[in-house]
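Participant: Sharing a structure with you now.
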Amino acid sequence: MRAKLIYLLYWTLQALAFPFLLLYLALRIHRNDAYANKVLERFGFLPRSLHRTVPGAIWLHAVSVGEAITAVGLLQRLKQELPFAPIYVSCTTLAGRAMAEQKLAGLADGVFYAPIDYRFAVRRVLRALKPSVVIVMETEIWPNLYRDTCRSGARLLVVNGRISDKALPKYLRFRWFFRAALAWPDAILAQDAIASSRYEQLGAPHAVASGNLKYDFYPDSTSIAPAVHAWLKRNDPERIWIAASTMPPAEPGDPDEDDIVLDTFELLRERFPRLLLILVPRRPERFDEAAAKLTARRIPFQRRSKLTDEAVSVLLIDTIGELSGLFRVADVVFMGGTFPHRGGHNILEPAAFGVPVVTGPHMENFSEIAAAFRAAGAVVTVKDPADLAITVGRHLYDRTIGEIGRQLSDERRGATGRAVSAVVRAYEAALVRPPGANPLSWLWRAGVAIDRSLKSLRLDLPPQPVISVGNLAMGGSGKTPFVLWLCERLAEQGRRPAVLTRGYKRTSQEPVITLLPGERAPVERTGEEAQLILRAGHAALGIGADRQAAREALSKQYLFDVIVLDDGFQHWRMRRNLDIVLIDAINPYRNGLPPRGTLREPFSALERAQAVVITRTEPGRTYEGLIGEIQRHNEHAPIFLAHTKAEAPPIPPGTTIGAFCGLGQPEGFRRTLQELGLTVSFFREFPDHHHYTEQDLRPLAMRSQMLLTTEKDLLNIDPDLARACKVEAVKMTLILTDEPNLLELIGRILPPVE
């Protein structure tokens with residue numbers, strides 16, 4: 001109740017603040033036109049390219065430049081551990097977004113501005129991305145983002161969490177408020193014991209000290225831009241001093257670090273005439289200010305964005321994302337944000353290069369790191385700006401403290417691995433649910449209940465045992481591959497299975513069609529799913545909407561001893577001995593019941609199942625969240641995992657490949673292509689059971705040298721058209737992880753083989 005009141009207060013304050021928020025955003029647009037192009041993203045309107053049709057994404061929020069850089073190593077490892085999971089990164093600042101787009105190219109599937117913490121904006125993003133895990137980097141505490149993420153079924157992790165000395169008193173003052181938000185994260189991986197303790201003071205129940213990701217910076221992962229490298233070689237300075245991330249005053253009486261650095265440089269160049277200063281202001285809006293100060297002092301300089309062959313004393317870096325690589329050429333580094341009350345910046349990157357690091361007195365944002373470096377003698381702290389020249393000059397030719405810093409950084413690595421393990425565990429435990437209420441679904445439920453009652457009045461009682469293979473959703477659960485697998489296994493045992501199926505999308509008007517093993521019939525008579533079963537040759541087929549009539553007609557021609565009822569979970573008329581229900585691992589909820597979703601029945605219907613098979617799984621995954629949900633409705637039915645083994649046709653090297661399919665869940669085929677390591681130039685989705693025409697395929701064939709599709713789709717293409725457009729099918733075989741136990745369960749309901 002208390003948490004509800006806190007959120008009500010938060011909602012009220014947000015409503016009052018909304019006009020001022022609009023004014024603030026208008027001012028930002030006025031100052032920077034680039035922000036105007038993307039401002040709708042702050043309200044949750046993401047580009048269509050970022051919208052997902054199935055759950056399973058990872059959303060990482062990195063507020064600004066520092067967090068975006070820190071996220072690189074984490075995302076690299078996540079791509080290795082969860083290669084099938086798309087990753088989206090949100091930022092708040094212009095610089096952070098620019099950095100993310102540059103540094104995370106190839107790692108992130110999309111970068112966008114984080115939504116403002118209003119429920120309508122947050123929910124819009126959650127509906128678009130459908131993330132299984134949301135990762136918040138470092139210090140961001142947003143109550144609505146936290147709550148709505150967890151309510152969606154996604155897991156929420158705070159990674160590299162910290163609360164600075166400066167921020168702590170403010171948070172503690174409103175501890176009663178933040179306690180409600182901090183109860184939501186499934187884990188808070190704090191940078192150190194101090195940060196973990198601070199989260200606990202605020203009421204966070206799941207905070208642990210996990211280490212600082214910034215220690216996992218690897219120098220070899222960075223490089224200097226070729227243009228800068230060539231410029232440095234031409235200028236050939238004797239020594240290089242980098243003033244990194246310099247900042248303006250934060251409080252009255254604070255110094256401006258650009259002024260301190262330039263004062264120091266003018267003193268140093270009297271002793272070191274061939275010293276090069278690389279000045280790197282923290283914020284893009286300070287680039288021009290720094291250039292004006294250099295001009296006023298008549299110090300020869302060049303801007304990184306306008307390099308020439310002229311020899312100068314100062315290189316002003318007026319670009320984003322190049323600082324990390326430049327540390328490798330430095331002889332000493334002054335880390336900015338440490339003379340004014342800014343709390344400092346990350347000293348681990350220059351330390352990893354073995355470069356001596358000098359700071360001012362304010363390192364509150366990195367208090368644990370600063371304390372460890374000071375205790376080891378791996379950093380020099382200068383309290384008075386007047387002493388900076390002496391300290392920098394001393395270490396231009398002495399790298400002793402730099403080597404100590406390198407060793408300390410090496411010893412403390414490993415936080416990234418722990419964070420990745422936590423994310424993978426959270427990913428397995430997540431189960432993304434349909435968003436919001438579905439008020440009209442009761443009509444569908446009522447219709448299903450009436451249909452079941454009427455059709456159950458007169459049951460069909462076959463003399464043979466019946467195995468029903470069905471699902472909760474309207475197609476796209478891998479039912480046909482499972483029926484093929486089942487019929488093959490039954491035939492291997494010497495049994496004579498018969499499959500009763502509707503023959504969905506067949507064009508023949510015959511009410512009942514019977515086909516014996518080995519017979520042939522055109523797709524128009526059978527439909528493509530029944531055609532696949534027929535061509536496999538392991539079972540007879542009875543095709544028709546009236547399954548009883550199909551069974552009776554088939555029994556006059558063929559002596560079958562077991563019936564496989566295809567798509568039978570909602571076929572109430574036929575008595576069955578075993579109900580096997582398939583659930584798609586990629587998208588189990590299908591957005592809920594109609595009219596919004598495509599579930600025929602809710603998950604509670606699983607109470608009727610005798611076995612559940614989770615299809616389209618990824619080998620090695622546990623699906624803890626989905627299995628837990630199944631067991632919540634049926635704790636007795638055994639659960640099996642199934643995946644497909646794919647085999648691509650021969651593809652000559654250098655072939656341009658396109659792909660298309662018409663499936664209930666096209667994401668499954670997309671993942672199959674990824675697992676095969678195939679790079680496709682495009683992926684076109686058609687409606688389920690689509691019959692392809694020349695108008696469909698000719699334009700695709702013009703864009704590629706080979707078209708790949710599924711075996712099911714290939715049946716819906718005229719053979720001459722398929723040859724002309726160079727269409728080939730990817731063969732897929734169902735693999736069950738616990739096949740013997742499922743066969744043993746099936747064997748219990750079957751009589752001995754005669």
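Keep in mind that glycine also has a Cβ here, set from the backbone N, Cα and C atoms.
This is the feature table in TrEMBL:
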TRANSMEM  7-27  transmembrane segment
DOMAIN    39-216  domain '3-deoxy-D-manno-octulosonic-acid transferase N-terminal'
ACT_SITE  GLU67  active site, proton acceptor
SITE      GLU138  site 'Transition state stabilizer'
SITE      LYS214  site 'Transition state stabilizer'
BINDING   ALA473, MET474, GLY475, GLY476, SER477, GLY478, LYS479, THR480  ATP binding site
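Describe the structural context of these features.
Facilitator: Same-chain neighbours of the transmembrane segment (7-27): 39, 42, 116-119, 143-144, 147, 177, 180, counting only residues six or more beyond its ends whose CB sits under 8 Å from a CB of the stretch.
Following the DSSP three-state reduction, the secondary structure of GLU67 (active site, proton acceptor) is helix. Cβ environment of GLU67 (active site, proton acceptor): CYS91, GLY96, MET137, GLU138, ASN160 lie under 8 Å away, each six or more residues apart in the same chain.
Annotation note: GLU138 (site 'Transition state stabilizer') sits in a coil segment as assigned by DSSP. In this view, GLU138 (site 'Transition state stabilizer') is surrounded by 24 other Cβ atoms within 10 Å of its Cβ, with every protein chain counted.
In this view, LYS214 (site 'Transition state stabilizer') is surrounded by 24 other Cβ atoms within 10 Å of its Cβ, with every protein chain counted.
According to DSSP, LYS479 (ATP binding site) sits within a helical segment. Annotation for LYS479 (ATP binding site): same-chain Cβ neighbours under 8 Å, separated by at least 6 residues, are VAL469, GLY470, ASN471, ASP566, ASP567, LEU582.
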Participant: Would you list, in sequence order, the residues of this chain other than ALA473, MET474, GLY475, GLY476, SER477, GLY478, LYS479, THR480 that have their CB within 8 A of the centroid of the site's CB atoms, where the site is the one recorded for ATP?
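Facilitator: The surrounding set, listed in chain order, is ASN471, LEU582, ASP584, GLY664, GLN665.
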Participant: If H, G and I count as helix, E and B as strand, and all else as coil, what does DSSP give for MET474 (ATP binding site)?
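Facilitator: The residue in question, MET474 (ATP binding site), is coil (DSSP, three-state).
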Participant: Between the binding-site residues SER477, THR480, whose Cβ has more other Cβ atoms within 10 Å than any of the rest?
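Facilitator: Selected residue: SER477.
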Participant: Find, among the binding-site residues listed as GLY475, GLY476, GLY478, the one whose Cβ has the highest number of other Cβ atoms within 10 Å in the structure shown.
Facilitator: GLY478
Participant: Inside 10 Å of the Cβ of ALA473 (ATP binding site), count up the other Cβ atoms and send me the figure.
Facilitator: 23
Participant: Counting only residues 6+ apart in the same chain, whose Cβ is under 8 Å from the Cβ of MET474 (ATP binding site)?
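Facilitator: MET474 (ATP binding site) has long-range Cβ partners ARG590, THR598, LEU599, ARG600, GLY664.
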